[in-house]
Amino acid sequence: MTDTTQPLPGTSSQHPYLRSALMHAALMAVSFVMLYPVLWMLAGSLRPASDLFGRNVSLIPSQVTLEAYTNGWFGLKVSFGRFFVNSLVISVLATIGNVLAASLAAFAFARMKFWGRGVWFALMLGTLMLPYHVTLIPQYVVFLKLGWVNTWLPLILPKYFAIDAFFVFLMVQFFRGIPRELDEAAMMDGCSAWRIYSRIMLPLSMPVLATAAIFSFIWTWEDFFGPLIYISEMKNYTVQLGLRSFIDSSGTSSWNELFAMSILSLVPLFLIFLFFQRLLIEGIATTGMKR
């Protein structure tokens with residue numbers, strides 16, 4: 001017979017459940033603290049303007065109205081829907097350029113041999129340490145001479161030249177984890193570098209491509225400084241510039257409308273995370289791992 005040790009009542013057998021409950025409670029508390037500004041903004045968009053800054057303001061409006069949404073959508077000289085379309089077009093085109101150019105550059109660094117590959121890769125990574133404002137004035141002068149100021153081209157076209165080193169680095173790490181035997185087998189079958197890239201690397205790299213696309217879309221959608229510098233006509237405004245239109249330095253800002261349109265501007269980002277979070281997590285988790 002073998003002796004069995006019985007756990008003492010109320011000791012370690014219940015500790016995992018208690019630890020899990022405490023962890024979930026802590027996560028819920030932190031989540032509430034992080035979401036509180038968004039919840040307050042949502043509540044503010046649903047209450048009348050007269051109740052917005054009262055003394056007894058709570059997350060549950062005493063009176064619900066959608067007036068801020070209608071006024072915000074149609075109250076400006078240009079419909080806020082136009083700003084949504086502008087942001088959507090810019091974000092989609094910039095995302096396509098980012099993913100395409102970054103994947104091509106990453107394939108070259110990870111799979112092709114050429115003179116100075118390590119030096120060029122180090123220089124590319126070095127650009128991550130350069131603040132955006134360092135290159136702002138030279139870029140603006142170039143785009144001004146090309147006649148691109150007050151158009152969407154400065155916000156879209158540079159993305160097609162692999163200027164975001166973060167995405168290139170992310171994809172290089174992923175490509176290096178794909179076995180080189182696949183390339184060698186394809187070359188023996190007569191495949192060119194382009195066919196290896198398009199037929200082998202891209203299909204195997206969907207997680208990291210999706211991750212780059214999601215981040216690129218979100219960063220472009222939320223960009224305020226770029227459109228502020230290059231766009232002046234209201235019909236070309238993005239959502240972020242449209243939100244600024246509700247703020248008046250004279251003290252007559254339309255806070256209800258600003259809150260309402262800010263909530264609507266978060267909807268596309270929320271939907272992206274809702275439907276593509278699995279690909280996002282998978283792409284980050286598998287980057288740099290051997291397969």
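Glycine is no exception: its Cβ is also placed from the backbone N, Cα and C atoms.
Taken from TrEMBL as is:
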type	residues	note
DOMAIN	84-276	domain 'ABC transmembrane type-1'
TRANSMEM	21-43	transmembrane segment
TRANSMEM	83-107	transmembrane segment
TRANSMEM	119-140	transmembrane segment
TRANSMEM	160-179	transmembrane segment
TRANSMEM	200-221	transmembrane segment
TRANSMEM	258-281	transmembrane segment
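Sequence-distant contacts of the transmembrane segment (200-221) (same chain, six or more residues past either end, CB-CB distance under 8 Å): 87, 90-92, 94-95, 98-99, 102-103, 107, 111, 155, 159, 164, 167, 170-171, 174-175, 178, 182-183, 186, 191, 239, 268-269, 272-273, 276, 279-280, 282-284, 286-287. The list of residues near the transmembrane segment (160-179) in space but at least 6 beyond its ends in sequence, with Cβ under 8 angstroms from a Cβ of it, reads 97-107, 109-111, 121, 124-125, 127-128, 200-201, 204-205, 207-209, 211-212, 215-216, 283, 286-291.
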